[in-house]
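Here is the structure we will look at, set down as structure tokens.
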Amino acid sequence: MVDLQVNGFAGHDVNGDDPRGAVHEITAALARIGVTSWVPTVITAPEERIVAAVRAVATAREESPEVAAAVPFVHVEGPFLSVQDGARGVHDPAHVRDLDADEVARWCAAGPVGIVTVSPHTPDAAAHVARVVALGVQVAIGHTHATPAQVRDAVRAGANLSTHLGNGVATTLPRHPNVLWAQLAEDALTCGLIADGHHLPADTLQAMLRAKGPGRAFLVSDATALAGLPPGRYATPVGGEVELTAEGRLSPVGSDLLAGAARSLADGLRHVLAETSTTLAEAVDLVSFVPARIARLALPLAIGSPADLLLLGPDGSVHEVRRGGRLIP
Ligand SMILES: [Zn+2]
């Protein structure tokens, strides 16, 4: 499985004070549950902090062949997002800023940046999107209040992904047109969906998967460091003080908003099989082949490519994990 949006896992946080150590630990912890490739996701922060996190991922890749094989690049989610409540989610408004391709170029000088999530609502957004794409960085649309026309302009400029479609959007919208329909209808956008059972109701997930069709949707965990930890209140860089329920729902204390997720991509695979009409073969595409293509990884079933293989049960449960041909205990 390939997870394109991981903020943290098993108590380790990419956005914490030791991103290099977190990348090593998360690589090992995710492999054990069948996620053999993953993309560290750095959220809205001052430029120095984003650069330091990107540099830390580059260092971790140099230190370990396992990390180099598992982590293709960094996903920077922010800081060029909507400041409007709802669309912004829990990103820190003090550090949200207008889309700036020059800043993206400075991140790229520090290490491998593969995806940046932006809100294309500013008048010069499309020009910046084109410049970011020219750097070799894929542009995802997310946390946005952009108009449908601004979405189309961003796609014409080269944006090719939607970040966790259906989340990071105003809580109420005009019935149509709106930013969801614009992205669902746009075949050039492949969309990430959080299938943790809390971010999208099952009928929404089902409808979005049908709307995008084969090859144009993938699942992400959006997991935070709290994934896999006991219920309770925690302090975290992703949104300050948050509460994790026994059902795996994570929200800022005193709010109905969601503060990232606390379930893994392996949980997402089982959820999509249990709650939608997705077949096992289609579900494997959603967690493996589609995100692998976006991560520019060698497709797993080609002769000569790394043997990252899973043995799955019919319900999506993981029975055996091989990474690079070796069994993970
Ligand atoms: Zn987000």
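First residue shown is number 1, and so on along the chain.
Heads up, the Cβ atoms here are built off N, Cα and C, so glycines get one too.
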Check: Which candidate from His95, His164, His176 does TrEMBL annotate alongside Glu77, His143 at the Zn(2+) binding site?
Finding: His164
Check: When neighbour density is defined as the number of other C-beta atoms within 10 angstroms of a residue's C-beta, which of the binding-site residues His164, His199 has the lowest density?
Finding: His199
Next item on the list: Kindly assign Glu77 (Zn(2+) binding site) to one of the three DSSP-derived states: helix, strand or coil.
Entry: strand
Check: Among the binding-site residues His143, Arg175, which residue has the largest number of other Cβ atoms within 10 Å of its own Cβ?
Finding: His143
Checklist line | Candidates near ligand 1 among the binding-site residues Val90, Gly168, His199, Leu258, Ala259, Gly260, judged by a Cβ under 6 angstroms | finding: Gly168
Item checked: Fewest Cβ neighbours within 10 Å, where candidates are the recorded positions Glu77, Asp222 -> Glu77
Note to self: Test of understanding: give the count of other CB atoms lying within 10 angstroms of the CB of Leu258 (substrate binding site).
What the structure shows: 23
Notebook entry, point to check: Listing them in sequence order, which of the recorded positions His199, Asp222, Leu258, Ala259, Gly260 have their Cα within 10 Å of that of His143 (Zn(2+) binding site)?
Noted result: none
